[in-house]
Amino acid sequence: AWYVPCLASLETLQELCRKENLRCKSIGITNKSLKSYEVEYLCDYKVEEGTEYYLVKWKGWPESSNTWEPQKNLKCPLLLQNFLNDKEEYLSRVREGKAVKVRNHVKALKPAIADYVVKKAKQRIALQRWKEELNRKKNHKAMILVENTVDLEGPPLDFYYINEYKPAPGINVINGITTGCECTDCPAEKCCPKEAGFILAYNKRKKLKIQPGLPIYECNSFCRCGPDCPNRIVQKGTPYSLCIFRTNNGRGWGVKTLQKIKTNSFVMEYVGEVITSEEAERRGQLYDNQGNTYLFDLDYDSDEFTVDAARYGNVSHFVNHSCDPNLQVFNVFIDNLDLRLPRIALFSTRTIKAGEELTFDYQMKGSVDLTSDSADGLSPSRKRIRTVCKCGAVCCRGYLN
């Protein structure tokens, strides 16, 4: 039978059931729970006859069921604190550059403040759900956090998290290799890198030791070595907990590390849809109207294929450009030795402190056109308007291209 996944959240489905007085055991609406109440967020505030009241949005109930409740009835200290913080945040923004007198005894919130508080509460819930979704879909142990203390922007509406390349029809990103190294203690003389004509990419501390431009050949699924092999790094996924955060200087979302990262350490892989260069050319023209794109040419051996992370990608989708980056691009080969289809790995160029934003240079060899511009040497069909760079580096070139 044909079916499609439901895009509505659990709370939305519960709201529909309660509104229509329906029972659905699979989503938790039974005779017993049909009339259960849990505070989802607080919408407004007022004082009547000396008593403080809050307008409550009940979890799993439509907004038409919101009720005013005295503070003594509310057992949700965190939601109360969020409400007060959001109210103060709005007032502090209004006060900037203005002499605003704040009254100590407010009888009711202004509509603009209440509207902001509700939007902030909905955003907090949406970002929390997005964080949970990202962590369900990732295939590595490290956590992904989401943070927005800048504006009311919520999760991207047309982005789907994937862990590996999503090939377009007719493109095979696994070439079906049937052999691997016979090492019991890698690296040995006949280990994978040497078989390919290159040196092992990692040292004894599992840190990168080769120069940019050289390929990385890791042990594959047919190798005799186990999961602790020192030549299995990229394939294990991101080892660091990362945070997707909203930047405060107009660069949209960015990514920062929550842990210290040492020099020459693997940080993340760049994944997306693998498409032909011809299709990338067509999409590039369409993306121009949006002002950005996420096209990464796989040009290690040829320019036949491109990775497009606009709709499908992982955390790397949100990594911003810098003219003084702390990440470097490397081509990696594991279960596919097709030189036209390397995997793209990002390694640290220096020690990165916890809380520091992760960046790479979009002009790096084999790097990506994440903006609505291209290099001057491209064909006329791909020449685009130059975009101002906002990286803030001392050595900033002024433009992304």
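Any Cβ shown, glycine's included, is placed from N, Cα and C.
The Zn(2+) 1 binding site annotation in TrEMBL covers CYS181, CYS183, CYS186, CYS191. If you look up TrEMBL, you'll see CYS181, CYS192, CYS219, CYS223 marked as Zn(2+) 2 binding site. Annotation source TrEMBL lists Zn(2+) 3 binding site at CYS186, CYS219, CYS225, CYS229. The S-adenosyl-L-methionine binding site annotation in TrEMBL covers ARG251, GLY252, TRP253, ASN320, HIS321, TYR362, LYS390. Among the features that TrEMBL reports, Zn(2+) 4 binding site is placed at CYS323, CYS389, CYS391, CYS396. Among the features that TrEMBL reports, domain 'Chromo' is placed at 37-95. Taken from TrEMBL, the feature domain 'Pre-SET' applies to 179-237. Under the heading domain 'SET', TrEMBL lists 240-363. The domain 'Post-SET' annotation in TrEMBL covers 385-401.
The helix, strand and coil residue counts that DSSP assigns across the domain 'SET' (240-363) are 16 helix, 52 strand, 56 coil. When each of the binding-site residues ARG251, HIS321, LYS390 is scored by how many other Cβ atoms sit within 10 Å of its Cβ, LYS390 comes out lowest. On a Cα basis, CYS396 (Zn(2+) 4 binding site) lies 20 Å away from TRP253 (S-adenosyl-L-methionine binding site). Taking the binding-site residues CYS191, CYS225, CYS389, CYS396 in turn, the residue surrounded by the fewest other Cβ atoms inside 10 Å of its Cβ turns out to be CYS396. Looking at the residues that bind S-adenosyl-L-methionine per the record, ARG251, GLY252, TRP253, ASN320, HIS321, TYR362, LYS390, the two CA atoms farthest apart are separated by 16 Å. Long-range Cβ proximity for CYS391 (Zn(2+) 4 binding site), meaning a same-chain Cβ under 8 A and a gap of 6 or more residues, is found for ASN320, HIS321, SER322, CYS323, ASP324, THR359. Calculated from their C-alpha atoms, the gap between GLY252 (S-adenosyl-L-methionine binding site) and CYS186 (Zn(2+) 1 binding site) amounts to 43 Å. In the predicted model, the domain 'Pre-SET' (179-237) shows an average pLDDT of 93. Cβ neighbour counts within 10 Å, taken over all protein chains shown, single out TYR362 as the most crowded of the binding-site residues TRP253, TYR362.
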